[in-house]
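Trainee: Structure provided below as structure tokens; questions to follow.
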Amino acid sequence: YLQLEGQVEDCHCQVETVDKVNNLKIFPLLQTLVQYNYFKFYPVNLIKPCPFWHDDNRCVLRHCSVNECKETELPAGLRGKPRLLNKRSSNDIDNDVDCKKYAAENDVLGKIDSTLTDQDKRAFVGWKQHDDSGDNFCDIDDENASDVKYVNLLLNPERFTGYGGKSAHRIWKTIYNENCFTPAKSYKDIAISGFTQGLCLEKRAFFRLISGMHASVNIHLSAKYLLPATFMRGKSSFRWGPNVHEFQNRFSSENTNGEGPLKLKNLYFAYLVLLRAVTKAAPYWEKMDFYTGNTTEDESVKRIILDIVSIAKSNCNGSFDETELFAGEPEKALALKKEFRDHFRNISKIMDCVGCNKCRLWGKIQVRGIGTALKILFSVKNEALNNADKFHLKRPEIISLINTLARYYLSNFKFIDCRHRLQCNQLSIGYSNGCK
């Protein structure tokens, strides 16, 4: 049993308060919200080259590959000119032993399902994208580029794919080098309790955001882990479910020298930052149409978002106060903000170095979700949120923000042993199995 309690560091809120408000009120609304067409289709470039090193660790096994949409499947109203996606180049040679090890026999492991139904295509008719001239914290894909494709997120859930080894460790090490503002030999060597001491509030916030995102990724990999295959009629079938031992290895105090619970606390911090951004943007949501062409659905989306804002204002208002950051002498504060933004932009570019396409997809979504929250909090004055000429969010930014917030289901962690089988009763994302 993993019990978290007390103050969420650098926030004006208790763990117990966040648990109660999110789990009982906000999380169910978010899970309904991401089922709607507006939030389930995401444009992404999954073959953008890595800008930092030669990408020789791409997992190009069919288990980690992407099912490309046929030209006739792409909705003309959304894409403008439907194009076939580029095929993999001959340079995409797999050298990742770990990927081969875990993706041995089934073509669903790590695969992106890009199928668009006729109903999906009809839902896209008339959708339009608008450019945004705001102060971005992320490196933005060109949505009109031929390499950008649309993915149905409901068909491609975040879960264990087998991607790991040196390639994955290099990704996290590079992220934490940006995150820490100082070089680190290994992200695993960073002790949160000691590292955050002596850092200014802005750099502590940066660290907690990335650490919280990392915790979320590991939680989902543990909650939807590739379990031993089941056999029916002579055929094997892969299945995903909670892996308690994997979770304990990553987060229990005993297995992490006390660092695991601190990582989970940082997940709470990241959640409160994103929730504050959604709340601050209330004037913007009130004027948005969330247009998909389905009036009933569009109105439902808007109503749910405004309900989330109302709940947050009533229960968690002021939990994270962005005005406390970059509040010093103007010239120094501006320079620190620029450094903060540039480091985060680099992290968004690192996502193009992830060797597994499904990991790359969700990495891009979550980094862009946090980047959108930072944009709302630190690049926009309150009065600008009422002025469409001064502030605008692209549809992919809104999709990323809400889907990332929906990743951060918060709960204490309880495990039960049923009939000698250890099952997860509640594993951070509301994954409930119970005793069977």
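Just so it is clear, glycine is given a Cβ too, placed from its N, Cα and C backbone atoms.
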Trainee: Which one is it, Cys353, Cys356, that TrEMBL ties to Cys359 with a disulfide?
Mentor: Cys356
Trainee: Taking the Cβ of Thr161 (FAD binding site) as centre, how many other Cβ atoms lie within 10 Å?
Mentor: 24
Trainee: So how many other Cβ atoms are close to Arg159 (FAD binding site), meaning within 10 Å of its Cβ?
Mentor: 19
Trainee: Could you check the active-site residues Cys356, Cys359 and say which one's CB has the most other CB atoms within 10 Å?
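Mentor: Compared across Cys356, Cys359, the most Cβ atoms within 10 Å surround Cys356.
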Trainee: Tell me the Cα distance separating Cys359 (active site) from Trp172 (FAD binding site), rounded to the nearest angstrom.
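Mentor: Answer for this pair: 12 Å between alpha carbons.
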